[in-house]
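Straight from Swiss-Prot, the features:
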type	residues	note
DISULFID	13-118	disulfide bond
MOD_RES	114	phosphothreonine
MOTIF	84-100	motif 'Involved in PIP2 interaction'
């Protein structure tokens, strides 16, 4: 399966619930900042933004004072899982990032998608990739 298929079929898919909803944007990005696959709506990011995110995985709390920046959008960092998941909130939407052995799995959402739905979609794929040694 291509990396693009993982984004299209497992991240940008309909989310089960009272109504079917989808993430706003999603991507799989290598630890070095190279994009493996992304939705057409995923923001163009700067290398320093990706460096900050990687630093937060290695040094949990690094982004808390400044916020998480991606594509020029600032998210307030909220409770995640140290070294494994970073979560951010901005208005009625937010972001979930799951770290695997070689990549970061990104999901960006807006209402009516809930933070829990975004977490579920992103972390499910991230856990699968970890099980595959990726």
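Any Cβ shown, glycine's included, is placed from N, Cα and C.
Location within the structure of each feature annotated in Swiss-Prot.
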residue	record	contacts (Cβ under 8 Å, 6+ apart)
13	disulfide bond	22, 121
114	phosphothreonine	none
118	disulfide bond	23, 94, 95, 96, 107, 108, 109
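Per DSSP, the motif 'Involved in PIP2 interaction' (84-100) is made up of 0 helix, 13 strand, 4 coil. Across the motif 'Involved in PIP2 interaction' (84-100), the model assigns an average pLDDT of 98. Following the DSSP three-state reduction, the secondary structure of residue 118 (disulfide bond) is helix.
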